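What TrEMBL says about this protein:
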TRANSMEM  A:12-32  transmembrane segment
TRANSMEM  A:39-59  transmembrane segment
TRANSMEM  A:65-82  transmembrane segment
TRANSMEM  A:113-136  transmembrane segment
TRANSMEM  A:142-161  transmembrane segment
TRANSMEM  A:192-212  transmembrane segment
TRANSMEM  A:238-267  transmembrane segment
TRANSMEM  A:279-304  transmembrane segment
TRANSMEM  A:316-339  transmembrane segment
Amino acid sequence: MLTLKKLTPARIWLLIGYAAAAAALFSAPMFLSDFRLNLLAKFLAFAIVALGLDLIWGFTGILSLGHGIFFGLGAYAMAMYLKLEAGGGKLPDFMGWSGLNQLPWFWKPFENFGFAVLMGILIPAVLALFLGFFTFRNRIRGVYFTILTQALVIITTTLLVGQQAYTGGTNGVTGYSKILGQSIASSDTKRMLYWITAAVLIAVFILCRYIVKSRFGKVLRAIRDGENRVRFIGYNPAVYQMVIFTISAALAGIAGMLFVLHVGIISPSMMGIVPSIEMVLWVAIGGRGTLIGAALGAVLMNWAKSEFSTTYPEGWTYFLGAVFIVVVVFLPNGLMGLASKFKLGKGKRRSEPEHDRVEYPAV
Amino acid sequence: MIESSILQCDEVTVEFDGFKAVQGMSLQLRKGELRFLIGPNGAGKTTMLDVICGKVRPTSGRVTFKESVDIAKKKEHQIAELGIGRKFQAPSIFPSMTVAENLEIAMRQRRSVFTVLFARMKAEDAARIEHQLEMIGLQDKAEWRAGGLSHGEKQWLEIGMMLLQEPEVLLLDEPVAGMTDKETDKTGELLIEISRQRSIVVVEHDMEFVRNFASKVTVMHEGKLLKEGTMEEVQRDDRVAEVYLGKRRDADVSRSTA
């Protein structure tokens with residue numbers, strides 16, 4: 001009973017559901033216009049951040065309001081490559097405007113696509129590990145940790161804006177033309193980038209699922225339930241928190257890289273306080289503590305945002321605020337919580353435990 | 001005294017903001033001993049357990065495990081790894097996880113991130129968990145969320161988790177609080193059973209329980225050692241009667257010796 005995973009009807013339906021979702025993702029280019037496909041690709045990139053955030057918040061109980069930074073650093077790494085590829089050996093335009101006449105040393109290796117991708121993952125990961133090392137080991141948690149992540153956002157965006165010659169300042173980095181020699185604007189490339197994004201999302205989803213279902217994932221949930229108790233069983237929670245925070249940041253970095261490929265620009269305002277909080281809202285609305293919920297939340301909220309904000313540019317923020325209040329008050333477990341309530345209401349699986357639900361509404 | 005001591009506390013003092021919760025307390029625990037630690041409220045019993053499991057650092061004094069390891073230099077999780085398990089007064093299990101999952105992560109195993117990330121549930125591990133579930137009478141509730149258990153069941157689950165940890169020293173803080181008489185007796189028998197292989201320190205208020213199951217008792221009062229000996233010796237002691245009963249030594253404690 002504890003060893004074998006039986007192929008119960010519920011599991012079969014779940015697998016069919018996953019297969020259908022994957023098929024829908026991969027065939028989307030056949031049904032959507034180039035413009036819509038591009039939007040969907042952007043949303044899928046956001047879904048990757050949401051999955052990472054869910055690992056740390058939903059499953060480990062640590063709220064990070066700084067994921068915009070990890071996302072942004074990944075995006076900048078890719079943007080630097082794209083900018084250099086577009087320039088074809090010339091100095092990026094904003095450097096010239098700021099009076100630089102030579103490419104800074106740290107820009108140089110970003111001419112290599114592989115290096116840029118590696119950095120897009122490593123830089124956010126190392127930064128998270130660094131922050132985690134000094135906070136989790138000293139048992140800084142809860143609100144204090146969250147405030148520190150906000151401070152990280154302010155420091156990083158201020159640095160990016162201030163160092164205009166090296167970072168493009170407020171305008172960010174934009175004006176790309178090619179990726180690996182292919183035109184980035186052609187619909188073939190765009191379709192290919194969409195498929196890559198969909199594939200990465202599925203891979204990340206499988207990875208997260210593995211983590212969450214593993215014994216490691218159980219220890220994470222145990223930390224969420226009672227960090228001290230975990231300590232007296234013999235686990236060092238700080239190490240687990242550092243590892244999951246680092247993985248979470250790396251996933252945000254990957255998402256950032258994909259985002260730049262679809263959107264064509266990254267600037268400090270896209271990774272600041274407001275985007276960081278919005279990312280958390282996607283997870284809250286979708287349902288934290290469930291992977292599907294986090295990913296769906298990101299896609300649905302962004303789809304709603306693009307629909308509403310084109311029709312009512314003023315009303316969007318009010319709508320977002322209203323949705324958030326409704327979710328917090330009536331659906332503490334988000335849309336997935338609603339779905340499982342509905343299932344329970346029909347009298348199915350009542351005796352089964354709900355593994356992934358978060359019990360307490362607070363952080 | 002020639003017998004090897006598994007745990008030795010020497011002159012332990014704990015001070016909180018000038019208040020001395022424990023003052024120069026010494027305690028020696030032999031292998032396979034079941035020791036009861038009693039005393040009035042505020043005597044420093046729980047603080048003593050906190051010191052041994054690393055939750056509280058002693059202001060002065062030494063705690064030595066297996067005659068060589070200095071506990072004061074270790075972190076909580078390292079002390080737990082060494083083989084000192086703690087059960088807290090309030091049942092502290094992981095409420096959002098199932099009963100079986102609670103036992104799974106408590107089970108004795110390597111606890112580094114990598115081993116845990118790639119850990120597979122082996123048949124023997126599953127058998128151990130199954131066996132433990134039967135022992136604590138929760139085999140039918142293995143897939144329940146632990147938060148949904150009754151108070152007594154939570155206590156049992158926590159005891160089960162601690163046993164799967166396979167510690168050499170078990171520290172139990174009021175393990176029978178909130179249990180029915182039947183459950184209390186069952187717990188006492190279990191403790192005697194466990195103490196054949198492991199050493200146990202039990203902090204307890206339930207004197208009935210202590211009388212029924214204690215062989216050696218340590219009495220603490222105002223952070224100090226008041227008396228140590230068999231239950232009979234302790235009950236005959238005038239000072240013990242005084243702190244417990246306010247000088248009316250004819251009452252509860254001595255009557256039960258008859």
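From the backbone N, Cα and C atoms, a Cβ is placed for every residue, glycine too.
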The transmembrane segment (A:142-161) vs the transmembrane segment (A:316-339): 3 or more CB pairs under 8 Å: no
Same-chain residues near the transmembrane segment (A:65-82), Cβ under 8 Å, at least 6 residues beyond its ends: 49, 52-53, 107, 110-113, 115-117, 119-121, 123-124, 127-128, 146, 148-150, 152-153, 156-157, 160, 167, 172-174, 176, 178-179, 184, 248-250, 252-257, 259-261, 265-266, 268, 270-273, 275-277, 279-280
Among the ranges A:113-136, A:192-212, A:279-304, the one whose Cβ pairs under 8 Å to the transmembrane segment (A:12-32) are most numerous: A:192-212
Contact call for the transmembrane segment (A:39-59) and the transmembrane segment (A:316-339): at least 3 Cβ pairs under 8 Å, seq gap 6+: no
Residue numbers, six or more beyond the limits of the transmembrane segment (A:279-304), whose CB comes under 8 Å of its CB atoms: 39-40, 42-44, 46-47, 49-51, 53-54, 57-59, 63-65, 67-68, 71, 201, 205, 208-209, 212, 319-320, 323-324, 327-328, 333-337, 339, 356-358
